[in-house]
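J.: First the structure, which I've put down as structure tokens, then a few questions once you've had a look.
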């Protein structure tokens with residue numbers, strides 16, 4: 001939980017690549033400890049490796065946050081492409097969830113009980129080599145900044161776009177002025193806590209509940225996971241790009257779709273009475289929910305630049321990790337207890353209500369942040385002259401003037417407390 005915040009902030013200051021290498025190297029440590037432990041009948045080194053991996057980014061959370069930050073850097077000028085890349089991260093994770101049981105079983109059959117651990121270690125080494133030799137440094141704050149002031153003054157300055165304006169914007173809410181980026185990050189963390197703590201808590205309990213209700217065998221849920229993973233990957237690969245390109249899907253709508261899918265799944269589970277209905281409901285937990293983290297990352301990228309996006313994503317992933325620890329212990333125990341007592345449907349219904357609250361919070365807060373935003377930052381275009389005499393490009397001056405007029409109209413009167 002703490003490590004992912006530290007490496008996220010460090011990647012903003014010192015570059016993404018060194019900490020990507022550190023995070024992926026840390027992921028190999030538990031595997032190496034497991035391989036040694038299998039030969040010496042001791043798992044001490046495995047637990048030591050898990051501890052070191054947590055310090056270097058909390059297992060998979062660190063690499064996930066850094067990879068998302070790299071995508072935010074590389075596709076900073078193309079919001080639609082960046083949104084699709086975020087969704088493809090979720091799609092590839094779903095594909096991995098669908099395939100890893102078969103790959104693990106095959107590797108163990110071919111190479112023995114340590115086969116899957118050897119395979120994971122080999123993949124980790126390949127990833128480290130690929131990052132070191134192929135992936136460039138993407139942090140524009142370190143890579144592309146010009147240090148020559150004369151060169152900067154001689155170039156035509158591009159007008160600020162809406163995402164850049166958002167980084168300097170504030171909103172008036174509850175009688176006070178708040179930074180839009182701070183409110184966005186707080187809202188994202190609240191939504192993650194409301195959603196993931198009960199979603200992670202119910203993970204795995206569905207099998208126990210469905211075994212009692214509709215005689216759902218373990219092979220049935222394995223088949224459902226495989227189908228959900230393949231379906232989610234294909235939807236993110238083939239359908240979602242067209243929806244984004246045509247303007248049907250953006251960051252907010254991806255969040256809303258994921259939360260609505262979770263609400264329908266949980267409320268449907270409370271009233272399910274057949275195996276066919278369960279087969280139809282379980283993919284709703286996976287396919288739209290893969291859009292939920294992608295939408296949150298897209299909204300954070302709108303307000304945080306390369307100098308802060310790693311820290312913001314690290315904070316968000318740390319809350320995800322916290323919910324992953326608390327959810328199975330507290331909420332998972334509650335789910336299991338009520339399921340054994342024959343009241344699992346009531347618990348799923350309560351989880352659906354919590355997800356509905358999360359959905360309402362997302363709609364209200366993101367709408368307020370978008371429509372009550374005031375551009376009052378010290379480096380806002382409103383504080384600059386309407387024309388820049390150093391540029392000879394008339395169209396650039398017109399674009400800049402239109403941008404400042406739009407800001408003034410959107411700002412309206414300054415509220416006085």
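Cβ coordinates are placed from backbone N, Cα and C, and glycine is handled just like the others.
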J.: When TrEMBL marks a stretch as transmembrane segment, which of 145-162, 199-216, 253-270 is it?
T.: 253-270
J.: In TrEMBL, which of the ranges 178-197, 378-397 has the transmembrane segment annotation?
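T.: Based on what TrEMBL states, transmembrane segment spans 178-197.
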J.: May I ask for the residues of the chain that lie six or more residues beyond the transmembrane segment (19-38) and have a Cβ under 8 Å from a Cβ within it?
T.: 7, 10-11, 44-50, 52-53, 55-57, 59-60, 62-63, 66-67, 70, 113-114, 117-118, 120-121, 124-125, 127-128, 131-132, 135
